[in-house]
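Novice: For reference, TrEMBL lists these features for the protein:
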DOMAIN    1-128  domain 'CMP/dCMP-type deaminase'
BINDING   N42, V43, E44, N45, A46, S47, Y48  substrate binding site
BINDING   C53, C87, C90  Zn(2+) binding site
ACT_SITE  E55  active site, proton donor
Amino acid sequence: MLANPLVSKCLQARDMAYCPYSRFPVGAAILTADGAIITGCNVENASYGLTVCAERTAIQRAVVEGHRRFTAIAVTCDIKDSFVGPCGACRQVLMEFGSDWTVYLTKPDGSYKETSLSELLPLAFSPAHLGKN
């Protein structure tokens, strides 16, 4: 097991991805404020627009389990030569639960680059903006 359990869990989740169309497996693991790790993988659909990304699967699972506060997420795919971040839609969904996330962009070999959600989505729209109209 890798030294960072969040990274290890996202790699395991990637192996569970259902991606018969893109053949692009993605895994995510979220660390809740109380220390639980919740995983997700991408789940594709023949009607492509209904595909759900790994990050959103993990968030949805966490919410169902009663979690609303998060501190970190690790994401991975099969690209070996660069660090790949969440898509724009996933960044916005993560922002719904706060901007103070540590993000581990993880390669298949377990190496990772640490960044933050606020770095990945600067000047983000957030729930706080809804009260300002």
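A Cβ is built for glycine as well, from the same backbone N, Cα and C atoms used for every other residue.
Model, not experiment: these values are computed from the prediction.
For each listed feature, how buried is it and what is near it?
Specialist: Taking all protein chains in view, 24 other C-beta atoms sit within 10 angstroms of the C-beta of C90 (Zn(2+) binding site).
Residue environment of E55 (active site, proton donor) contains 28 other Cβ atoms, counted within 10 Å of its Cβ in all protein chains.
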Novice: Quick one: of N42, S47, which of the binding-site residues has the smallest count of other CB atoms within 10 A?
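Specialist: With the binding-site residues N42, S47, fewest surrounding Cβ atoms within 10 Å: S47.
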Novice: Can you tell me which binding-site residues out of N42, A46, S47, Y48 are within 10 A of E55 (active site, proton donor) by Cα, answering none if there aren't any?
Specialist: N42
Novice: Other than its own, how many Cβ atoms are within 10 Å of the Cβ belonging to V43 (substrate binding site)?
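Specialist: The Cβ of V43 (substrate binding site) has 17 Cβ neighbours within 10 Å.
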Novice: State the Cα to Cα distance, in Å, between A46 (substrate binding site) and C53 (Zn(2+) binding site), rounded to an integer.
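Specialist: Taking the Cα atoms only, A46 (substrate binding site) lies 14 Å from C53 (Zn(2+) binding site).
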